[in-house]
Amino acid sequence: MDLLAPLAAVILTYREVDADTLGRVGEEMKKCIEILGVKRPMFVLHTCGRVEAYLYNASEEEINSVTLRYRRYAESIRVVRGVEAARHLFRVAAGLESMLIGETDILGQVEEAFDRQVKAGFTKGLLKTIVERAIRAGKRVRAETGISRGPAGLGSLSIIYVSQLLDLTKSKVAVLGAGAVGAGLAKELAERGVAKLYILNRTLEKAVEIANKLGAEARPLTREEVQKCLMECDVVFSSVHSLEYVIDRVPDGAVVKIIVDLGVPQTVAPGLPVRVVRLSDLKQLAEKYSEARKQEAARAEAIVEEELAKLPQILARRYIEEAVSHLLEKAMEVAEEEGKRAGCPTAVLAARTTVKRTLFPIIEVLKKMAEDGRLEDAVKVVEILRSQKPLLRQSEE
């Protein structure tokens, strides 16, 4: 049984379209997960460099419903399946598919999306295990190679870019957004010793939490506060996710010299009377650092392949655990029914105890089979047990 075969990934990245397009496609994906995610396990990753949807056990019709969200970019999207879909996710988490090879930001973004979608009930079952293992692979790559030495991500690159234009130690700086990218920006700017640091976020409590750690000032992310920052700050970094421009004008008398737009889609309007640095401006700098990391990338790829090779057995074990749990749950339901039918208060407890004593030895054997590498055989046994529904209700026959 190939438990990776039901996995499919629909992929659109910075290699095919620009960041602004990715942002708008990402919004379509959000609608899709709200519709399809309640039916099938699904994981959507939306960053400034990619929009990807991973589905498990989805029909062709359901996969097509996802690709329709990309219909204007039909020639650019890729649909990969099975082990290749898993390999791609592992490589993404490891930073091997990023504009800046080895960036750490992407791993934080994968974790953030994963936590959010698990809580929402969208990423579950074996797909949950696949994403967990991808995150594990990404962490192992960072721990065992030097692929992430230097800039952590595009946010770090943007700081390097700006530092070549002015002295950050003499600059007042604002960061709009306190997500994974915004928090990383704020931390690095504080470490560089900017003259004054402001952190703005829609949820003020999160901005306060980060600001307190960094000696910064927290403000709510409102139009008024953004305009105030333009009046007070030399540099403003925007890492906000918004369908509307967060900065659409620069007020008279503003002192801001540089605005960095890391938002997807773009959060800074074109044509402003100030220098605006966008993701496309960082490409050359990203290529420079990526070239320096290529030797470490080879080691990272070896780790990814090693972790990927473990995945089929891990999924088979997880499949058994889920199946046995389902089997035990159903058996307990029957036991309770039989106990209640007996009309004795202790009968329910006795019935449940009997089920446990009967099934637990079988469960232990299945676990031992899994530990001994006989996962395929264990899966077959579970399938046989699950198909014998009449055995669970002999008293009704």
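Cβ atoms here come from the backbone N, Cα and C positions, even for glycine.
Per Swiss-Prot, these features apply:
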BINDING   Thr47, Cys48, Gly49, Arg50, Ser98, Glu103, Thr104, Asp105, Gln109  substrate binding site
ACT_SITE  Cys48  active site, nucleophile
SITE      His88  site 'Important for activity'
BINDING   Gly177, Ala178, Gly179, Ala180, Val181, Gly182  NADP(+) binding site
Message = Restricting to the chain of Ser98 (substrate binding site) and a gap of 6 or more, list residues whose Cβ falls under 8 Å of its Cβ, or answer none.
response = Gly49, Val92, Ile106, Gly153
Remark   = Around the Cβ of Gln109 (substrate binding site), other Cβ atoms found within 10 Å total 23
Ask   = Which of Thr47, Thr104 has the fewest nearby Cβ atoms, counting only those within 10 Å, among these binding-site residues?
value = Thr104
Cα separation, Thr47 (substrate binding site) to Ala180 (NADP(+) binding site) (Å, whole number) = 11
Ask   = Do any residues at least six apart in sequence from Cys48 (active site, nucleophile), in the same chain, have a Cβ closer than 8 Å to its Cβ, and if so which, in order?
value = Tyr14, Ala19, Leu22, Gly23, Leu154, Val181, Leu262, Gly263, Val264, Leu279
Ask   = Hey, which of the binding-site residues Gly177, Gly179, Gly182 is the loneliest by Cβ count within 10 Å?
value = Gly179
Inquiry  = Within a 10 Å radius around the Cβ, which one of these binding-site residues has the most neighbouring Cβ atoms: Ala180, Val181?
reply    = Val181
Message = What whole-number Å value do you get for the CA-CA distance of Gly182 (NADP(+) binding site) and Gln109 (substrate binding site)?
response = 11
Ask   = Rounded to a whole number, how many Å is the Cα of Thr47 (substrate binding site) away from the Cα of Gly179 (NADP(+) binding site)?
value = 12
Message = Quick check: which same-chain residues outside Gly177, Ala178, Gly179, Ala180, Val181, Gly182 lie with their CB within 8 A of the centre of the NADP(+) site CB atoms?
response = Val175, Ala183, Gly184, Leu185, Asn201, Ser239, Val240
Note = The rounded CA-CA distance in Å from His88 (site 'Important for activity') to Gly177 (NADP(+) binding site) is 28
Task = For the recorded substrate site formed by Thr47, Cys48, Gly49, Arg50, Ser98, Glu103, Thr104, Asp105, Gln109, name the remaining residues of the chain with Cβ within 8 Å of the site's Cβ center, in chain order.
result = Gly95, Met99, Leu100, Ile106, Gly153, Leu154
